[in-house]
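Comments concern the structure below.
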Amino acid sequence: MERGEAYGFSAVLSGNFLLSCLLFAVTNRRQRGPYMDEAFHVPQAQAYCHGRFLQWDPMITTLPGLYLASVGVVKPAAWLFGWTGSVVCSAAMLRFINLLFSAGNFYLLYLLLLKIHQKNKAVSGFQRILSTLTLAMFPTLYFFTFLYYTDPGSVFFTLFAYLMCLYGNHKTSALLGFCGFMFRQTNIVWTVFCAGNVVAEKLNEAWKTELQKKKDEKISSRKGSFSDLMRILRFLIKYLISLKNLVTLTALTWPYIVLVTVFFVFVFVNDGIVVGDRSSHEACLHFPQLFYFLSFTVFFSFPHLLTPTKIRKFLLSLRKHPVQYSLIAVLSLFLIWKFTYVHKYLLADNRHYTFYVWRKIFQRHELVKYILVPVYLFAGWSFADTLKSKSIFWILMYFVCLLAVTVPQKLLEFRYFILPFLIYRLNIPFPSLYRQLLELAFYIVVNAVTFYLFLNKTFQWPNSDEIQRFMW
């Protein structure tokens, strides 16, 4: 990092943290007590603060990583500064832990952008800092910085594990992946993703060697024609059935293999992935979740994905390959028909934005979910088109992880899309400065509207005296 870029980064990080602290103070004045899922998280953390580590709320579905991390920060701070009484593990103090995780995420996002795009000398330090600020203010993640939820810590340890993986520190990466798993069990998928990065890199090297042997310059390690893909598939099978190659890959990825083994032991002993309230978190094959994620990504990345050039390229591709797109459309219709699930929380809780998305769009008519297939096709094509700079093996690995982390979820919940979105956004090529500024401005507007609604547009349910607020 050059000196000027270092000063600029420090200034932006400090400014972002200061702004977040001011917003944090306003949020805590308006909402002093626990809200929504905080009603479970805050008392559980307070029990840990008082040394009651065997106490557990059966409604909590995640492992105790958040509470252990909170006690590990709050208790030493209380001893150092002489804090006593209820302030030590108050809701505000526990929420502040996420503000610290948010600052850590800012730094990790910058380091990841620096590492992933290190070969692109055309990217300026200003662009890196701008993209870091934009991703740090990603609305769905940024909002939960100010509440005591698992998301900021979950993102912190997962991004940290990804960074260590890219630097080749795989034992450290696996250890950090375990910390992420302790925050949310589904983060084990991103441990597999880290291992997949290593495997994809080795596959790409072997594929390039294969091409040199055959002196066939027409086939690349990226997306191509159907015959190219079939040839890559044959190579993939041949490579993975080789005992020598499997031994090499195992030697490289054994820390991740150990962690995944621990995960399967946990699932066996726990008789499932969810702890606590399992009735509301049943796994299923909810394939339309992939379509919702793609639409979500297009919405939050519209400066990059929803452009006139992209639309023209998509229409041209549609005209060149009508049969392939027709088959994908038919498959999409079938998946929507047979595998659409509507969780009871989605229909009942009018505090979440997903409630209004579902009611205003999908519940207007039974056919709406089928009519949206062309939108999903464009979203999927545009999404894949921005990843064409990555190797086909990386894309395949990411897509498998994306399916694993979204499809089993019955509930449509935007928080579940945070990590797959950030991984995607970190790996696409740097857009123009104009599009970066447009993206940042859009995020600022969305955050401003979200906090205005949360803080000022309160309401009450007929059968309750509690103040209700709108949120993600």
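Cβ atoms here come from the backbone N, Cα and C positions, even for glycine.
As the structure is a computational prediction, the values presented were derived from the model and not from experiment.
Taken from TrEMBL, the feature transmembrane segment covers 6-26 (among others).
If you look up TrEMBL, you'll see 60-81 (among others) marked as transmembrane segment.
Look at TrEMBL and you will find 93-114 (among others) tagged as transmembrane segment.
What TrEMBL records for 126-149 (among others) is transmembrane segment. Distant neighbours of the transmembrane segment (126-149): 5, 8-9, 12, 16, 20, 23-24, 27-28, 34-38, 41-42, 45, 66, 91, 94-95, 97-99, 101-102, 105-106, 109-110, 113-114, 117, 155, 300, 414-415, 417-418, 421-422, 425-426, 430, 433, 436-437, 439-440, 443-444, 446-447, 450-451, 454, 471-472; these residues of the same chain sit at least 6 beyond its ends, with a Cβ under 8 Å from one of its Cβ atoms.
Using a Cβ-Cβ cut-off under 8 Å and counting only residues 6 or more beyond its ends in the same chain, the transmembrane segment (155-183) has close neighbours at 62-66, 68-69, 101, 104-105, 108-109, 111-112, 115-116, 141, 190-191, 193-194, 197-198, 252-253, 255-256, 258-259, 262-263, 418-419, 422-423. Residues or ranges marked as transmembrane segment by TrEMBL: 155-183 (among others).
Tertiary neighbourhood of the transmembrane segment (246-269): same-chain residues 170-171, 173-175, 177-178, 181, 185, 188, 191-192, 194-195, 198-199, 202, 240, selected by CB-CB distance under 8 Å and a gap of 6+ residues from either end. What TrEMBL lists as transmembrane segment is 246-269 (among others).
Annotated transmembrane segment per TrEMBL: 289-306 (among others), in sequence order.
Same-chain residues lying 6+ beyond the ends of the transmembrane segment (327-347) with a Cβ under 8 Å from its Cβ atoms: 280, 284-288, 291, 354-355, 358, 369-370, 373-374, 376-377, 380, 410-412. Taken from TrEMBL, the feature transmembrane segment covers 327-347 (among others).
Here TrEMBL flags 367-384 (among others) as transmembrane segment.
What TrEMBL lists as transmembrane segment is 391-408 (among others).
Here TrEMBL flags 437-455 (among others) as transmembrane segment.
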The transmembrane segment (6-26) touching the transmembrane segment (93-114) per 3+ Cβ pairs under 8 Å rule: yes
Long-range Cβ neighbours of the transmembrane segment (391-408) (under 8 Å; 6 or more residues past either end): 186, 189-190, 192-193, 196-197, 199-200, 203-204, 207, 221-223, 229, 232, 236, 283-287, 289-290, 292-293, 384, 416-417, 419-420, 423-424, 427
